[in-house]
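Worksheet for the structure shown next.
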Amino acid sequence: LAQSLCALFASSLAISLVFAIIPLCHNVVLLAVVMAVAGLAMGCIDTISNMQLVKIYQKDSAVFLQALHFFVGFGALLSPLIADPFLSDTNCILANGTANASSNLPHIRKSLLPHHPGNLSHYELPMKGMVVTRVSYAFWIMALINLPVPIAVFFLLYKERMVPCFNGSSHPLLSADELALETRPGDKEEPPPAGHRPHPAAGHEDLFSCCQSKNFRGASCTYFAVHITGALVLFMTDGIVGEYSGFVYSYAVEEPLAVGHKVAGYLPSLFWAFITLGRLISIPVSYRMKPATMVFINVVGVLITFLLLLIFSSSVVFLFVGTASLGLFLSSTFPSMLAYTEDILQYKGCATTVLVTGAGIGEMVLQLLVGSIIHDRGSYSFLLCGMIFGCLAFTFYALLVFFHRMYPKPSPELDEASPDKAAVPEDTGQYQR
């Protein structure tokens, strides 16, 4: 836990520093390096936060994962609203003939979209002059908004006596038993037998314990199959989120829909708004419904939505309805899949790393793939690609269920000795303090 919190502190602080530095980057190579650091930091936060929630709350982690990913969607919806007041429709560099320079940029935008860029030599934009952009303020505001996060993580490190210089005077916020939410009645009274090495508390193992080869000794083929098929489901579904939010605008402004640019601009916002709404709804729903059932509803809903979008591909109204529906069905796929896969594997936390990595690769690769296909084959291939990805996600989910049924259940003796086994009987549904 100490390693995880230190990594979260360093990563969240790095994000604030990166956002503060971005407006000062006047070289594209320097900007690329800074953005790479931001990507590494965000990847660490994504993996560690999901993994620790799973290891700490175990069977109750589904609710906490849904809440975590609600805030992910809420941030994705909120950040463009913060940046919007600082974006300008006019040119950012003023030179001689300011009025002409200011009116050129909107004209170029209308000329280039939805067409591919052609000969731009007849457009004159000044490259030297007084810079009047205010977009730097958006980055600095985001850096300030993020700053309380590393401060809060450092405070938690301090209160849990994990800061080397300040570990003598503070009192922990929660005991280990309260942090895990579940305790065994006789744990505190009965000392461990002589020669018996106690297991570490759940959520407090080494951060890199999943990478140790000893954990894979004697593992069955289904153990690896569950990891792989779970990662492939998220590879497809998170890839759909990335490619749909990235290209739905381009699809809408092309024929046969030919939606106006301003109206089409609402589609990505609508998509993320319903992802956020769906994650908010999923918090109470996940308390009553099993993660496996939620994932099934999600992948089937995505498949049906893309099928209807293909059937009614000439309807602008259904494009908006389908975008909202797709956002709802995709919203809870990620946290539900994490909870389902970790439930199969007895909440070791290792699957979370594999699944988060698979989702990130899918979001990167499928956007690149769909962008190149749209460029070569036209805008209609956008929905066709989504339909294919939805079919593959459903297929991989069916394989995951198959491997789940084949996966060997732990024996009762191992269950009692396992540090990751929930101590409270499953039929009570209550926490014991």
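Glycine residues also receive a Cβ, built from the backbone N, Cα and C atoms like all the rest.
Residues or ranges marked as region 'Disordered' in TrEMBL: 411-433.
The feature transmembrane segment is assigned by TrEMBL to 30-49 (among others).
Annotation comment: TrEMBL describes 61-82 (among others) as transmembrane segment. With a cut-off of 8 Å between Cβ atoms, the residues of this chain six or more beyond the transmembrane segment (61-82) that come close are 49-50, 53-54, 138, 141-142, 145, 269, 272-273, 275-276, 279-280, 282-283, 285-287, 291, 331-332, 334-336, 338-339, 342, 347.
The transmembrane segment annotation in TrEMBL covers 137-158 (among others). A Cβ distance under 8 Å defines the sequence-distant neighbours of the transmembrane segment (137-158), meaning residues of its chain 6+ beyond its ends; these are 2, 5-6, 8-9, 12-13, 15-17, 19-20, 22-23, 79, 82-83, 86-87, 166, 170, 173.
Look at TrEMBL and you will find 223-251 (among others) tagged as transmembrane segment. Below 8 angstroms of C-beta separation, residues 114, 257, 264-265, 267-268, 271-272, 275, 295, 298-299, 302, 323, 326, 330, 333-334, 337, 340-341, 344-345, 350-351, 354-367, 369-371, 374, 379, 382-383, 385-386, 389-390, 392-393, 396-397, 399-400, 403-404, 407 of the same chain, each at least six residues beyond the ends of the transmembrane segment (223-251), sit close to that stretch.
Feature annotation from TrEMBL assigns transmembrane segment to 263-281 (among others).
Among the features that TrEMBL reports, transmembrane segment is placed at 293-312 (among others).
The transmembrane segment annotation in TrEMBL covers 318-340 (among others). Here the transmembrane segment (318-340) has Cβ contacts under 8 Å with residues 50, 54, 61-62, 65-66, 68-69, 73, 230, 233-234, 237-238, 240-241, 244, 248, 252, 257, 259, 267, 270-279, 281-282, 285-286, 290-292, 294-295, 297-299, 301-302, 305-306, 308-309, 312, 351-352, 355, 359, 400 of the same chain, all six or more residues outside its ends.
Same-chain residues lying 6 or more positions outside the transmembrane segment (352-374) and placing a CB less than 8 Å from one of its CB atoms are 43, 46-47, 50-51, 54, 210, 227-228, 230-232, 234-243, 246-247, 250-251, 334, 337-338, 341-342, 381-382, 385, 389. The feature transmembrane segment is assigned by TrEMBL to 352-374 (among others).
For 380-403 (among others), the entry in TrEMBL reads transmembrane segment.
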Sort out the residues at least 6 away from either end of the transmembrane segment (263-281), same chain, that have Cβ-Cβ distances under 8 Å to it, and list them. 66, 69-70, 72-74, 76-77, 80, 241, 244-245, 248-249, 252-253, 319-320, 323-332, 335
Mind checking which residues of the chain, 6+ beyond the ends of the transmembrane segment (30-49), have their Cβ under 8 Å from one of its Cβ atoms? 4, 7-8, 10-12, 14-15, 18-19, 21-22, 68, 207, 352-353, 356-357, 360
Where else in the chain does the transmembrane segment (380-403) make close Cβ contacts, counting only residues six or more beyond its ends and a cut-off under 8 Å? 222, 225-226, 229-230, 232-233, 236-237, 239-240, 243-244, 247-248, 250-251, 292, 295-296, 299-300, 302-303, 306-307, 309-310, 313, 340-341, 366, 369-370, 373-374
